[in-house]
């Protein structure tokens, strides 16, 4: 976090994001961080999450319900949002495929494509299983 004043709260928020795969909302992060910092406000959590996203140390994942989810894993990868339960999941794909999409997009753009984000929508394994059981 070069150029920023060190914050124990921000460091704790980043650490939490780095050690979870749940893609939490700000509210979920707040509930977790509040255990360590009882006086922290929800606004402070929101500001720090947005700052981490703005400086590239976290990903902000917009979801169809209008809320954002956050991910501490910043290297290129895709996400799937479950249209039933709303949870967000990592979608592991070969890095060369992600790079090829950037290269192909450059063929159709007069600037320089540096990266892209893709959010897939569908049913997670658990929701798909429940749907099949109810048929």
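Positions of Cβ are set from backbone N, Cα and C atoms, glycine also.
For residue 124 (Zn(2+) binding site), the Cβ neighbour count at a 10 Å cut-off comes to 18, with all displayed protein chains included. In three-state terms derived from DSSP, residue 124 (Zn(2+) binding site) belongs to neither a helical nor a strand segment and is classed as coil. Annotation comment: TrEMBL describes 82, 85, 124, 127 as Zn(2+) binding site.
Under the three-state DSSP scheme, residue 116 (Fe cation binding site) falls in the coil class. Cβ contacts within 10 Å of residue 116 (Fe cation binding site), excluding its own Cβ and spanning all protein chains shown: 11. If you look up TrEMBL, you'll see 116 marked as Fe cation binding site.
Non-local contacts of residue 82 (Zn(2+) binding site) by the CB criterion (under 8 A, 6+ apart in sequence, same chain) comprise 88, 89, 122, 123, 124, 127.
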